[in-house]
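Q: Pasting a structure below so you can have a look.
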Amino acid sequence: MPSGYPALLVALVAVPLAAGALLALAGRRADRLAAPVSVVLAAVVLALAGAAAVLRPALDAPLMAGIRAGLAVDGLSATLVLTVGGVLLAVLLVAAGEPGLRTGRFAGLMLLFAGAMLVTVTATTLAVLLMAWEVMGATSWALIAYYRRDAAAVRAAHTAFLTTRTADLGLYLAAGAAVAGGIGSLGLAELPGAQGAWLHVVTVGVVVAALGKSAQLPFSFWLSGAMRGPSPVSALLHSATMVAAGAYLLLRVAPLLDAAGWAASAVAWVGAATALLLGLVAVAQTDLKQLLAASTCAQIGYMVLAAGAGGTAAGTVQLVAHAATKSLLFLAAGAWLVGLGTRQLDGLRGAARRFPLVGVTFSVGALSLAGIAPLSLWVTKDAVLAAALDRSPALYGVGIAAAAVAAVYSAKALWFVWQPAAPHAVRPEQEPSGWVAAVARPPLAVLALLAAGLGLLPLLGTGVLAPAPAPAAWELALSAVLALAAAVLTWRLADRLPAPAVLSGWLGIERAAHALVVRPTLALASALARFDDQVLDRAVDGAARTTVRAARALDRRGEHPLDAGVGGIAAGARALGRWARRPQTGQLHQYYAQASVGFAVLAALAVVMIAVR
Amino acid sequence: MSVVLSLIVFLPAVVAAALLCVPSRVPGRVFVGTWIATGLADLGLIVAVWTGLPASGGFSFEERLPWIPSAGISYHVGVDGLSLPLLALTAVLFTACAVFALRETRRVKAYVVLFLGLQTVCLGVFVALDLILFFLFFDLSIVAMYFLIAGWGHGERGRAAALKFFLYTFLGSLALLLGFIVVFLAADPHTFDIPTLVTANPLAGGGAAAGLALLAIGIGLAVKTPTVPFHTWLPPAHTEAPATGSAILAGVLLKMGTYGFVRIAMPILPATWRDYALVVVVVGVVSVVYGALVALAQTDVKRMIAYTSINHMGYVLLGVGAAGLAPGTDEQARQLATTGAVTQMVSHGLITGALFLLTGVLHDRGHTYDMGAYSGLSARTPRFAGLFAVAAFASLGLPGFSGFIAEFQILTGALAPAPIPTAVAVTGIVLTAALFLVALQRLFLGPLRIPDAPGAPRPFADLHAGEALAIVPLLVLATVIGLAPRFLLDVIEPAARTLNQLVAR
C-alpha cells in the first residue's frame, strides 16, 4: 500500500472531527464564536481537501489482529472530499445567517458529521469505513433532533438512526464474512477475492447497508421524517453527503458487485425502482422539503443504478452534480422557511417573487433537477442511463420514465413559488422573519452556478469523471425533449396533479415497519420483562422461600420429635434414677433388710443353678 | 522475585488498617483523600508493571510462597495480558469512585475502609494464580459488597437486595469450589496451582468428572457474570446499591466471572470446553438478546443499565465460546474473538462505571430512578446531559468508543465459527441503540420536568466539579481505546493467542 503525505490525510479528517467534538461539548460558552469559527474551519477543510485531491495522500496502520486501518485519496475519493468540503462551507455560511443555529452544538455536530463523512469516503478498509459510517448515523440523530423540544423531530431522529443502523448490521456481518472468507485485512479493494459462499454474505451485507444509508427502497421512509430537522442539516446530510455515502460505497465496491454476479443487476434494479417510485412520491407531496427529500431518494437511485450497471464514472458525476443542485434547493427552502415561516407549497406561492435572488437560484436548481438542457443533471443522468442501456433496455426504460417524473415534480415546485402571492395565505408553521440573511446569498449564487455548469464535468473530466459509454446524441436529445414536455405539461396542471394516499404517505413502508418490526419487538420486550420479574425472579425468590419453609418444617416435624425422643430418654433416665434413689433412705435397719433380701435372692439363684446343672 | 504485585494488592488493605486507628471524628475528606492517594499510588505501580510486561506473553512478576503445602495450595500471583488490563481497570474504577465519594457524608470512615478492603480483594482476584487464592478473593468480594449495599444502599429494600445478592452469588461460589475440588482431585500430584494445572491438563480424557468440573465452574462463573438465567440478583442489587457500589459491582465484580472463563475454565479444561463451546455460545447469544430486550422495557434507569450489563457480558461469552468452536481452523477469527472478549471486559467496566456514577448524580438531585419523573433535563443540566449522552452512545457501541472495538472484534471473529448465533447476536446492536435513545429522550429531551419536593420545587444542580472529575476520565479512557486501541490490544493479543493455543490442545 503506497503511503505518502499521511499528515495531510490526518489533518483533513482530524481538523473537523476534533474541532467538532470540542465545539459540541463546550456548551453555551462556545455559542458566540461558533458560527464564524465553523466557517473558518470549513474553509480550512476545503483547502485541505483541495490539497488532498492534488497530492493523493495515503496511510495505513494496524488496527486489530490482522485487520488494517487505512485512508487514501484516489480519483473517486478526491471528487468526494472536494464535494463534501464545498457543500460544508456553503451550508455553514448559510446556517450562520439563522439565529437559532448559531450555537456551538450545531456547528460542532456539523463539523463532526463532515469529519465522519470524510473518513467514510477515504477509508480503504471495511473496519474504518464502518466506524465513520456509524458516527455519521449518530451525529445525524443529534442533528435531526436539534430542536430538542420538538417531540416529532426527536421521534424522526430515532427512526432515522435506528433504520440506518439496522441496515448497518449488514456491514458488521460483511466484516465477519470477509475474515471468514480469507480477507483478513478487510481491505475494500480485496473484498471481491472472498472465498466460497462468504463472498455472497459480504456482498449482501454491504449492499443492504448502502441501501439503508442512501434511503433506497425499502428503507426510504426514514428520510421523510428527517425533514423535521433544520434545513441546513438537510442541505448537508440529506442531499450531498450522508445519503450519498451509500451510493458512494456501491460505486467503490463495484468490482465486488460484479464478482458476486447477481448483485450488480439487483442493485441496478433497486436503484431504478427507487428513481421511479420515489419520484412519484415526490410528485404527490404538498410540503416542499418532503418533495425535495423524495426527489433525493429518486436521484440517488440513479447513482445506485449506475453502480449496478458498471457506470462508476457516470454515478460519480451524477453524485457531484446532484450534491450541488440539491443542497442549493434545500438551502433555498430553508431561507423561505425562515423568511416566510412555511414549507407548504400552498404557503410558498409568490415566494420566488418576494425574494428574487432565492427565487432565481432555486429555479436554476429546480430546472437542473428537472433534467432541462443544458443544465448539469440533464447530462449526468443521461450518462447513467447510457450505462444502463448498455446492460438492459428495460433498465433504460424505467430510468427514462423516472426522468420524466423528475421533470414533473421539479416543475410542480417551480410553479408554486412563481405564482402570484396567495391572498388567503396559509397559516405559517413558525414565526416568519420576513428577510433572508445577507450571508446566505453568495453561497446560493455559487451553488446555482455549479448546479448549472457541472454538466461540463463529463465532457472535460478524465478518469473517474469520464463516463464510458458516453451518452449518444439521440439519448441526450430524447431526454431533453421528454423533460421539457413533461415540465410544460406540469406547468398547466400543477395544482391538479393526482396525489393518491399511497404516494403522499411514502408508500406506507414506515407504517408497515412499525406494524411488522417495531411493535412486535416492543411487545416481546415487555413480555420478556414480565417473564423476568414474574417467573425467573419469582422462581429464585421461591427457591429461597422454599428453603426457609423446608427448614421450618424440618424444625417442626423432624427437630421436635427428635428432641422429644432425646427428652424422653432423659426423662426415663431421670425416672430410673428416682427409683434407684428410693432405697437410699440412710436408715441402717432398712439397709440390713435390703441386704438380707438380696442374699436370699442370690441364694435362691445359686440353688436353682446347681439344680439345673 | 519481585514483590510489586503483592504491594499493589495489599497496599489498600494496609492503608485501611492504618485508617482504622484514626478516630472517626476526623473530617471525612481526610479519609477520602487518603483513599484517592492510595488509588493513584496503585495506579502508578500498575503503569510500571504495564511498561515492564514483556511482549512475548506468559506470566510475569510472579511470586510464589508455600501456604498450605500439604493440600497443594500456595500463595502464587502473576500477571499476563489477560489479567493486566483488568488489574488496571480495577485501579482506575476504584480511584474514580474515590473521587466521586468526596461528596459522601454518611459514616465516611467505615465507607472508605470497606472500599479499601474491597479494592485489595478485587485486585487480588486478577493476579491470583492459585485456585484457592482466587476463590478466597472471589468470595471476599461478595462479603464486602454485601456490607456496602446493606449499609449505604437505599434503606430496608437495600438490605433485602444485599441479602439476595449475597446468598445467590455465594451459592455460585460454592459451585465454583466444587469444580475446583474436582480438578484438584484429578490432578496428579494433587494441586490447586493454576499454571501447573494448565500444563498438566488433568481432565484431557474427558468423562463424567471433566463434565462435572466444567458444569460446576461454569455455573459458578455464570452466576457472577451474570448470564441468563442466573442474572436475577443483579437488577435489585444495582437499584439498591449506592452509585459507587454499582460502579464497582458492574465494573469489577462482574468481570471476575468472565475473567474466570479465560483464566481457569478454558485453559484448564480445554477438551471439555471445546465439547461444550456451543452451549456457551448459545448462553451468550441468549444473554445478548434477552438482556437488551428486557432493558428496552424498563422504566427505571438503573435497572435498564443493569440489564444492558447482561447484554454486554453476553458478547463476552459469545467470544470465548466461539474460540472453542472449530479449533485450529481460522486462527485470525478466534484471535479476534478472544481479544474482543477481553477488550469488552475493560470497555464495559469503563463505560458502565461512568453510567452508574451518572445515575448516582441523577438520584442525588431527583431522589428517584424513574425515567417518567424527568424530562427535558438538557435545558437545566447541559453538562450532565452531555456526559450522559456520551456515555450512552459509548455503551450502545458507537465507533470512536471502546465498546465498538470490543464488539466489532467479537462479532467479526465469531461469525466464521458460529454463523447463525452471531447473526442473531448482531441484532443486540440495534436493540441497545433503541433503548439508549429512548432513555435519552425521556430524561433529556422535551419540556423540562423534574420531580418536585412537596411544597417548593427542588433545586436541580448540574454536575459538580468533583463528580465530573470522577466520570470524565472514564469516558476519556473509553474514547482513547476507541480511537487508538493498539496500546491495549498489544497487551491482550499475545495472551489471547496463548489462550487459543491452550484451548486447541
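Placement of Cβ uses the backbone N, Cα and C atoms for every residue, glycine included.
TrEMBL entries are annotated by machine, without manual review.
From a predicted model like this one, the values you see are computed outputs, not experimental measurements.
Not my notes, these are from TrEMBL:
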| type | residues | note |
| --- | --- | --- |
| DOMAIN | B:128-432 | domain 'NADH:quinone oxidoreductase/Mrp antiporter transmembrane' |
| TRANSMEM | B:82-101 | transmembrane segment |
| TRANSMEM | B:108-126 | transmembrane segment |
| TRANSMEM | B:132-153 | transmembrane segment |
| TRANSMEM | B:165-187 | transmembrane segment |
| TRANSMEM | B:203-223 | transmembrane segment |
| TRANSMEM | B:243-264 | transmembrane segment |
| TRANSMEM | B:276-297 | transmembrane segment |
| TRANSMEM | B:304-325 | transmembrane segment |
| TRANSMEM | B:345-363 | transmembrane segment |
| TRANSMEM | B:384-406 | transmembrane segment |
| TRANSMEM | B:418-440 | transmembrane segment |
Q: Would you call the transmembrane segment (B:108-126) and the transmembrane segment (B:243-264) in contact, using three or more Cβ pairs under 8 Å, pairs 6 or more apart in sequence?
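A: Checked: the transmembrane segment (B:108-126) vs the transmembrane segment (B:243-264), in contact.
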Q: Counting Cβ pairs under 8 Å that sit 6 or more residues apart, are there three or more between the transmembrane segment (B:132-153) and the transmembrane segment (B:418-440)?
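A: Contact between the transmembrane segment (B:418-440) and the transmembrane segment (B:132-153): absent, because fewer than 3 Cβ pairs are under 8 Å.
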Q: Determine which residues of the chain contact the transmembrane segment (B:304-325) at the Cβ level, with the cut-off under 8 Å and only residues 6 or more beyond its ends counted.
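A: Residues 225-228, 231, 234-235, 237-239, 250, 254, 257-258, 261-262, 266, 273-274, 276-292, 294-295, 298, 333-334, 337-338, 340-341, 344-345, 348, 352, 355-356, 359, 371, 395, 403, 406-407, 409-411, 413-414, 417-418, 421-422, 425, 428, 431-432, 435, 439, 499-500, 503.
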Q: Could you name the stretch, out of B:203-223, B:276-297, B:384-406, with the greatest number of CB pairs under 8 A to the transmembrane segment (B:418-440)?
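A: Stretch with the highest Cβ contact count: B:276-297.
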